[in-house]
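As recorded in Swiss-Prot:
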type	residues	note
BINDING	Gly14, Lys15, Gly16, Gly17, Val18, Gly19, Lys20, Ser21	ATP binding site
BINDING	Cys188, Cys191	[4Fe-4S] cluster binding site
Amino acid sequence: MLDKVKNVIVVLSGKGGVGKSTVSTQLALALRHTGHKVGLLDIDLCGPSVPYLLGLEGSDIYQCDDGWVPIYTDESKTLAVMSIGFLLKSRTDPVIWRGPKKTMMIKQFLQDVKWDELDYLIIDTPPGTSDEHITVMECLREVPCNGAIIVTTPQGVALDDVRKEITFCKKTGIKLLGIVENMSGFVCPHCTTCTNIFSSNGGIELANLAQIPHLGTLPIDPRVGILAGTTASVLSELPESSTAEVLKGLVQHLDTLTAQG
């Protein structure tokens, strides 16, 4: 039930392990920090990370007459979260489902969660281009989906998979809002100097090639990693960091896009 949701943003990655869930989570927290009411929907069925990243593991969800009730991280209900992880007994429990059951569960999460009034719903998807993604796109055709943000790392193998993701989005008709390059450089926790330990600027080059916006470059910052397991935003805890600057720019970019309709 997305009738009370003003804006829907899908976060995609062509490859696993690029930090997509961390970007989704910190984007949701940044939007909340700037005064928005936000929902975060984790439909990465085989690798749900959001409950861990927000310190919500062990939370119980229940159903009311109107559907699933999400987990709220605060009394003001400014951040609502739903994940398959809440239905598992342990983070190590595998989800051994065939395609049709996965499709059914994703449809349930997209159609049967009782969201309150939300300014933004961030949808954290599985990596790749699979049946799950097709199901998401089909369901979102019935609601005003603003578009997709693609997360990548600078390495060539990740960028190759992002090219497939871009093609997938174009074929399924979802608007590409831009690319975020993650894990580009390492920030020393002592002197905050950023050193490129992998290749760099691959996300920028790919964005230029695909003619879509480059939304920012995020480094590996151990200080950001320490925030995992809490609902603390980088914007409040590390306001001077390069990660905070990128997230501020991303929030402003989304606010501008949504204001334009």
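Each Cβ is built from the backbone N, Cα and C atoms, and glycine gets one as well.
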#### Entry: Among Gly16, Gly19 [binding-site residues], residue with fewest other Cβ within 10 Å
Gly16
#### Entry: Protein Cβ atoms within 10 Å of Lys15 (ATP binding site), excluding its own
20
### Task
Output, ordered by sequence, the same-chain residues six or more apart from Lys20 (ATP binding site) with a CB under 8 Å from its CB, or 'none'.
Val11, Leu12, Ser13, Asp124, Thr125, Pro127, Val151, Asn182
### Message
Test of understanding: give the count of other CB atoms lying within 10 angstroms of the CB of Gly14 (ATP binding site).
### Response
24
### Message
So, three-state DSSP: helix, strand or coil for Gly16 (ATP binding site)?
### Response
coil
## Note on the structure
Once DSSP output is merged into helix, strand and coil, Ser21 (ATP binding site) belongs to helix
### Message
Tell me which of the binding-site residues Gly17, Val18, Cys188, Cys191 sits in the most Cβ-dense spot, judged by other Cβ atoms within 10 Å.
### Response
Val18
### Task
Report, in whole Å, the straight Cα-to-Cα distance of Cys188 ([4Fe-4S] cluster binding site) from Val18 (ATP binding site).
20
### Query
If we check Cα distances from Cys191 ([4Fe-4S] cluster binding site), which of the binding-site residues Lys15, Gly16, Ser21 wins as closest?
Ser21
### Query
Quick one: what's DSSP say for Cys188 ([4Fe-4S] cluster binding site), helix, strand or coil?
coil
